[in-house]
Structures are given as structure tokens and as C-alpha cells.
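Q: Sequence annotations record features per position, and here Swiss-Prot assigns signal peptide to 1-19. The topological domain 'Extracellular' annotation in Swiss-Prot covers 20-225, and the record cites a curator's inference as its basis. The transmembrane segment annotation in Swiss-Prot covers 226-246 and is backed by sequence analysis. Annotation source Swiss-Prot lists ATP binding site at Leu297, Gly298, Asp299, Gly300, Gly301, Phe302, Gly303, Thr304, Val305, Lys319, citing sequence analysis. Here Swiss-Prot flags Tyr365, Tyr463 as phosphotyrosine. The annotation active site, proton acceptor is assigned in Swiss-Prot to Asp416.
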Amino acid sequence: METVSVLLFFFLFLLAAEARSTKRTGCKDFTCGEHDFKFPFFRTDMPSRCGLFKLNCSANIPEIQLEKDGKWYTVKSVSQANTITIIDPRLNQSLTTGGCSDLSSFSLPDSPWLKLNTLYKCNNSSRKNGFSYANCRGEGSSLYYNLGDDHDVSGCSPIKTPESWVTPKNGNLSDVNATFSLHIELPGNCFRCHNNGGECTKVKNNYRCVGANTEPNNYHAEMRLGLGIGGSVILIIILVALFAVIHRNYRRKDGSELSRDNSKSDVEFSQVFFKIPIFSYKELQAATDNFSKDRLLGDGGFGTVYYGKVRDGREVAVKRLYEHNYRRLEQFMNEIEILTRLHHKNLVSLYGCTSRRSRELLLVYEFIPNGTVADHLYGENTPHQGFLTWSMRLSIAIETASALAYLHASDIIHRDVKTTNILLDRNFGVKVADFGLSRLLPSDVTHVSTAPQGTPGYVDPEYHRCYHLTDKSDVYSFGVVLVELISSKPAVDISRCKSEINLSSLAINKIQNHATHELIDQNLGYATNEGVRKMTTMVAELAFQCLQQDNTMRPTMEQVVHELKGIQNEEQKCPTYDYREETIIPHPSPPDWGEAALLKNMKFPRSPVSVTDQWTSKSTTPNTSAYEF
């Protein structure tokens with residue numbers, strides 16, 4: 001009977017494969033050199049609809065093409081975070097020997113996965129002092145970078161290159177090489193398009209699905225397939241039930257052996273389905289020095305996070321779920337499923353996990369060394385406490401909003417957006433973390449009905465009142481984060497007066513009464529710098545829109561990103577701001593400018609509903625962590 005069940009399952013698999021054969025023929029995972037690849041990569045002998053990046057595997061070292069019929073680059077390494085490091089060997093050889101002549105004809109395709117830097121190749125007669133440069137030996141010219149707009153660049157020619165090409169050395173001297181990395185981020189609907197037999201194509205900055213298996217003429221084929229599967233499933237259930245009755249006594253006698261087999265199959269299931277490494281409990285116990293208190297990074301609502309170093313030398317953050325949390329397995333599986341389907345530079349990377357039948361449930365993340373945004377804004381007795389300049393705060397807001405917009409485009413709601421879940425790397429780049437409460441929102445529904453969960457001070461009042469979770473719930477929480485960034489105040493502070501314990505209530509009250517200056521942190525230069533005053537007031541206005549009680553009045557995260565980038569453009573145009581030293585150069589204020597002038601055209605609700613209503617939920621995430629996932 002077991003053989004019959006296996007054969008029936010295999011038959012169903014063949015039926016499903018045949019239904020999509022016309023769309024997926026020739027598209028499969030493959031090995032190229034020493035690396036394994038899958039979509040969005042494809043081999044030269046595969047159809048172009050199989051991916052976005054073509055790989056040539058005919059030589060020992062694979063090569064990649066960034067655009068159709070474009071130049072071939074050598075692949076140096078591939079990481080689990082969808083980052084691929086490549087090199088232009090001919091140009092690199094030229095640069096290594098000190099020749100820069102090939103740079104003049106160098107160009108890269110327009111790509112959202114590359115950060116570009118502008119180099120200036122200048123005649124030695126136009127030599128620049130005080131800025132980093134790399135000599136172009138014997139060619140009568142030198143190579144410079146970090147030249148500001150206010151410097152004379154006559155006798156120089158600009159060259160666009162990847163940021164990673166310039167490697168600082170001693171003093172002002174730098175090395176230039178032709179090695180760079182691509183961090184590839186695709187929305188979830190692009191992967192679904194590929195899995196449905198379609199071709200995901202890039203059109204400007206968006207992606208379009210062509211030829212997915214959803215045409216009306218497939219109706220009868222899908223009907224026949226559905227009937228076949230339905231009948232076969234019923235037959236399989238009957239056979240499995242009979243098999244269970246016959247072998248019940250055998251299972252009781254050999255329970256311990258079956259338990260070991262189940263653990264093995266669970267590990268294999270995790271490796272195959274989620275495609276992430278499985279760590280043993282002993283390895284992570286050793287990596288964290290037996291979960292030493294000295295390695296403690298933070299305590300959260302669902303677990304404790306420890307610093308560790310695994311066998312291959314990588315620094316990691318190990319999340320140890322609380323044993324008393326009856327939902328820990330659900331949160332464990334939920335976070336793995338979500339993080340393995342997402343790839344974005346501003347989302348924390350999941351390196352692996354233990355088996356779900358392990359002694360303890362442990363999740364292994366990349367280690368983010370610079371703490372959380374909350375640490376830097378108002379943390380006490382933390383190693384990361386320090387002042388964030390206005391330009392840094394605006395950049396943090398944009399990167400966080402971009403990550404949330406990417407989640408929403410992939411039909412995922414974070415549900416626990418807060419400053420303790422926004423981590424900062426060495427360069428103060430954002431990494432959004434903690435997906436234990438995240439939910440998948442099907443594209444054909446407007447909301448999901450679920451009991452409110454989250455952190456007090458950040459929870460959408462409409463979600464709390466109506467039990468309707470939408471992507472606008474994340475928008476509300478992000479509005480609180482925006483207010484924290486401009487005010488340097490925590491989301492909840494019981495030392496404030498009762499009506500202003502929640503920062504959202506305080507912000508709405510100040511903005512409606514044209515008292516934004518009382519809300520904004522004066523250390524940012526609000527009183528002395530016109531540009532800072534204008535931009536912080538504009539962010540306050542955007543936060544006010546995000547905090548509307550009626551979620552239909554709130555913007556989408558995509559609109560929030562657009563508005564924040566527009567504000568950043570104002571910063572770049574402002575002549576009163578010195579970006580290198582973060583110093584303020586005051587100028588006289590125009591007579592028609594001020595927070596009242598900026599906000600006077602906003603249509604504020606007369607009496608917004610306060611979100612300070614007390615409520616109790618055992619499922620909430622307490623705001624107690626300095627490093628919380």
C-alpha cells in the first residue's frame with residue numbers, strides 16, 4: 001500500500017509538471033563553477049525567459065552578463081544574501097599596473113543594484129590638493145574622488161564607477177580596482193510570475209509579468225487536473241488510513257526509532273523547502289559561549305538575542321525563543337518563511353536556524369553592529385548612544401520606508417514597526433528586523449481580521465478597535481517612527497502628562513496648534529538653520545498624515561517614500577548646509593516662511609481621536625529591548 005501511495009503521488013507530480021511544461025521547459029536550478037544558481041539567473045543554453053542575468057558556465061570560472069548582448073564579467077563569489085561579486089579582469093589588470101587609459105571608455109548599464117561614484121581624471125597641471133586620489137602612473141594625469149560641486153573641475157573628465165572601486169589607503173592616497181558587488185532585490189510578485197511559468201521583465205524601475213499561466217484557454221486543462229487531483233487525494237487518504245491501522249502496533253514498539261527518523265526528515269524538510277542552512281544546537285551553544293550573559297544583545301517580547309561567531313568566522317546574532325511562549329513554533333516558522341522569500345538591502349538577512357525539533361528553537365541572523373535607532377535617539381547606558389545628525393535621520397527614514405514599501409509590494413505586513421526593530425550597520429545603513437508578527441496579505445483582499453498585536457504606542461488605533469489589519473497599519477506605526485526621528489522622544493513615556501503619554505497624541509496636538517517648534521529636537525538646528533527648519537516641518541506634516549485615525553486618509557508606503565525623497569532633494573538644494581562637517585551656516589529667514597506658513601494649507605481634523613486609550617493584550621511585544629528582533 002505504501003508503494004501504491006508513492007506511485008500515486010508521483011503520478012500527481014507528473015500531471016502538475018505537464019500542465020506547466022509549455023511555460024517552464026528548460027528552466028531549472030543549476031550549478032556554474034563552484035556555485036549553485038537559480039532564478040533570476042539563467043545559463044547561456046536556457047531560454048531568456050528563465051531569468052534576468054545570463055551566466056556563461058563553459059569555463060572553470062563563471063561569467064555574467066548584466067544586460068542583453070552586453071559585456072561579460074567574471075564572477076568572484078556569491079553570498080546567501082543574493083549578493084554577487086564580479087570583476088572586469090581586463091580593466092582590473094590595467095588599473096593594477098597603474099594605467100588609467102581604459103577608464104575613459106568604461107561604462108556600466110543603468111542598474112538599481114549598483115551604487116555609483118563619480119571619479120575625475122584630471123591633467124597633472126590641474127592637480128587638486130586635500131582630496132583622496134589614486135595616481136595614474138606615467139600618463140600625465142591623476143584620478144580623484146569626493147570632489148564637491150564647488151571645486152573647479154576644468155581639465156578633468158568625469159567617470160561613473162561603482163562605489164567599491166576606490167579603497168582608501170594611507171593619507172589621501174587610494175587604490176582603484178575593478179571589483180564590485182551587485183545586491184539583487186526583486187519583489188515577491190516577480191518570483192510568483194516565474195513560478196507560474198511567466199517571464200519577469202524590467203521596464204524602467206518596475207517589473208512586468210508576461211505570459212504567466214493564467215489564460216482563459218487553460219480552464220479545461222486545469223479543470224481536468226483538479227478533478228484528477230481531487231479523486232487521487234481521496235484515494236490516498238483511504239490508503240493512508242488503512243496503512244495507519246495495520247501498522248499502529250508496529251509504530252508503538254519502535255517509537256524511539258521513528259522519532260529519530262522524524263527529526264532527520266524535519267531537517268531535510270527545512271533544507272529543501274526553505275533552502276537555508278540548518279545549525280545544530282551544540283554549534284550555536286559554542287558560538288555564544290553557552291549563551292553567556294556577556295554575549296547578551298537584547299531581550300524582546302518573544303526571545304533573547306545573543307552575539308556569536310560561527311565556525312566559518314561570521315559574526316551572527318542568535319535569537320533564542322522563550323520556552324514559555326506557546327506560539328513560539330508558529331513565530332519561528334513564520335519568520336523563516338517570510339525572510340527566505342525576501343531580498344532587500346534594508347532587511348536583515350537570515351543565515352539559518354535549528355531544526356524545529358531541536359532542543360531549542362534558534363534563529364541565526366547577520367550581526368548588525370551599530371545597535372538600534374532607539375539606542376541612538378534616547379538610549380541610556382548603551383554602547384551605541386550618540387547624536388544622529390539631521391541628514392542621517394532623514395536617510396534612516398527613507399531606507400526604512402523603502403524596506404516597508406518593498407514588504408507591501410510583496411503582500412506582507414510587518415505589524416511591529418518601531419525604532420527598536422530598526423538596526424543600524426557600521427555605515428548607519430538601515431536593517432529592518434523582527435518578522436515574528438508579520439502577516440501575508442493576499443492581493444485580492446483589503447484586510448485580514450486578527451486580534452491586535454504589536455507594541456503599545458505604535459499600534460494602529462483602527463486595527464485595535466476593529467481588528468482589521470491592513471498595510472496602512474504599518475503606515476501608522478511608521479508615522480510614530482518619523483515623530484521619534486524629529487523629536488528624539490520615545491513613543492511612550494509615562495513621565496509626560498496623561499494626554500501626551502503616547503508620542504502620537506503629543507505630535508498631533510502640537511502640529512494642529514501650529515506648535516511644531518515645541519515638538520522638534522532643537523539640537524538638530526531647527527532654530528538656527530532655515531533648511532533644517534523647513535525639512536523637519538515637512539517631515540512633521542508627513543507624520544501627521546500617517547497618524548490619521550481613518551486609515552483611508554493615510555498615504556501608502558510608496559507615497560511616503562516619494563515624499564521623503566522629495567524632502568531629501570530639498571536638503572541637497574539647500575545652500576546653507578555643509579554636508580562634510582555637519583555645521584550650520586545661518587541665513588536670514590524669508591518673510592513668508594515658517595512652520596505656520598508651511599502647514600496653513602493642511603486640512604486638519606478638528607478633534608483627532610487620541611490613541612492613549614489604555615488596553616491590555618497578552619500578545620503584545622513589550623518595548624523593552626535594546627537589540628530586539
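Going from the start of the chain as shown, residues are counted 1 onward.
Keep in mind that glycine also has a Cβ here, set from the backbone N, Cα and C atoms.
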Q: C-alpha of Val305 (ATP binding site) to C-alpha of Tyr365 (phosphotyrosine): distance in Å?
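A: It is 10 Å, counting Cα to Cα.
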Q: Could you tell me which of these binding-site residues, Leu297, Val305, has the greatest number of Cβ atoms within 10 Å of its own Cβ?
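A: When each Cβ's neighbours within 10 Å are tallied, Val305 tops the list.
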Q: Taking only the Cα atoms, work out how far Leu297 (ATP binding site) lies from Tyr463 (phosphotyrosine), in Å, as a whole number.
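A: Just about 31 Å between their Cα atoms.
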Q: Tell me, if you would, which residue among Asp299, Asp416 (recorded positions) has the fewest other CB atoms within 10 Å in the structure shown?
A: Asp299
Q: State the Cα to Cα distance, in Å, between Tyr463 (phosphotyrosine) and Asp416 (active site, proton acceptor), rounded to an integer.
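A: That separation, Cα to Cα, works out to 13 Å.
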Q: From the Cα of Tyr365 (phosphotyrosine) across to the Cα of Gly303 (ATP binding site), what is the distance in angstrom?
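A: It is 14 Å, counting Cα to Cα.
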Q: Distance between Tyr365 (phosphotyrosine) and Asp416 (active site, proton acceptor) at the Cα atoms, whole Å?
A: 18
Q: I'm trying to understand the geometry here, so how far is the Cα atom of Asp299 (ATP binding site) from the Cα atom of Asp416 (active site, proton acceptor), in Å to the nearest whole number?
A: 15
Q: Using a 10 Å radius around its CB, how many other CB atoms surround Gly303 (ATP binding site)?
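A: A 10 Å sphere around the Cβ of Gly303 (ATP binding site) contains 27 other Cβ atoms.
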Q: When you measure from the Cβ of Tyr463 (phosphotyrosine), how many other Cβ atoms are you left with inside 10 Å?
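A: Tyr463 (phosphotyrosine): 24 neighbouring Cβ atoms within 10 Å.
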Q: For Asp416 (active site, proton acceptor), which DSSP three-state class applies?
A: coil
